[in-house]
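Asker: According to Swiss-Prot, the feature topological domain 'Cytoplasmic' maps to 1-41, 87-133, an assignment based on sequence analysis. If you look up Swiss-Prot, you'll see 42-62, 66-86, 134-175 marked as transmembrane segment. Positions annotated as topological domain 'Lumenal' by Swiss-Prot: 176-203.
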Amino acid sequence: MAEGDNRSSNLLAAETASLEEQLQGWGEVMLMADKVLRWERAWFPPAIMGVVSLVFLIIYYLDPSVLSGVSCFVMFLCLADYLVPILAPRIFGSNKWTTEQQQRFHEICSNLVKTRRRAVGWWKRLFTLKEEKPKMYFMTMIVSLAAVAWVGQQVHNLLLTYLIVTSLLLLPGLNQHGIISKYIGMAKREINKLLKQKEKKNE
């Protein structure tokens, strides 16, 4: 057991080090984005919503086709991938990194690796379910996809995408400030109250 844990830890450390090396040119930008997403200042949440709203308003006004939209998005990613490693050191000054910044960059890369591992783990579980319980897999997939299709039919595509993107960008800050755990705790307490009331009525 201990040997397996050590092997997993070593593999995680190796993957994290590899990712750090790949993203070294994005280090300054990632640290700045991390501060924004974790709401280190009070005006960061409205700034996030304002920028996202502006981008989606531009998309709504231009109304590009799917092919044009995908092409522009990929072109933007290619430009960012080329320009950011060149311009970031000149703007932020990578030589001025502190130990705290280096540690935070390591934590960000480690969290990204863990998130990727979770996604791969869920994907493998899905295929395991398909092999071991094909009927349950089939019903789960049909019901889930039907629900997603119904939501997509009821809500405009652009509005739905806007809500998803905004929620994902606000999620780290909500988690950092304990807002998610707070409301989950409130929901659990309310559910427990309802269950206790139901038990009393049955008695």
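Note: Cβ is positioned from N, Cα and C throughout, glycine not excepted.
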Asker: What parts of the chain pack near the transmembrane segment (134-175), using Cβ distances under 8 Å and only residues at least 6 beyond its ends?
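Answerer: For the transmembrane segment (134-175), the far contacts come to 37-39, 44-45, 48-49, 52-53, 56, 59-60, 126, 181.
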Asker: Could you pull out which residues elsewhere in the chain have a CB under 8 Å from any CB of the topological domain 'Cytoplasmic' (1-41), counting only those six or more residues past its ends?
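Answerer: For the topological domain 'Cytoplasmic' (1-41), the list is 47-48, 84-85, 88-89, 91-92, 94, 97, 101, 104-106, 108-110, 112-114, 117, 169, 172-173, 176-177.
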Asker: Taking every residue in the topological domain 'Lumenal' (176-203), what is their average pLDDT?
Answerer: 81
Asker: Quick test of the contact rule: Cβ under 8 Å, at least six residues beyond the ends. What residues does that give for the topological domain 'Lumenal' (176-203)?
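Answerer: For the topological domain 'Lumenal' (176-203), the list is 38-39.
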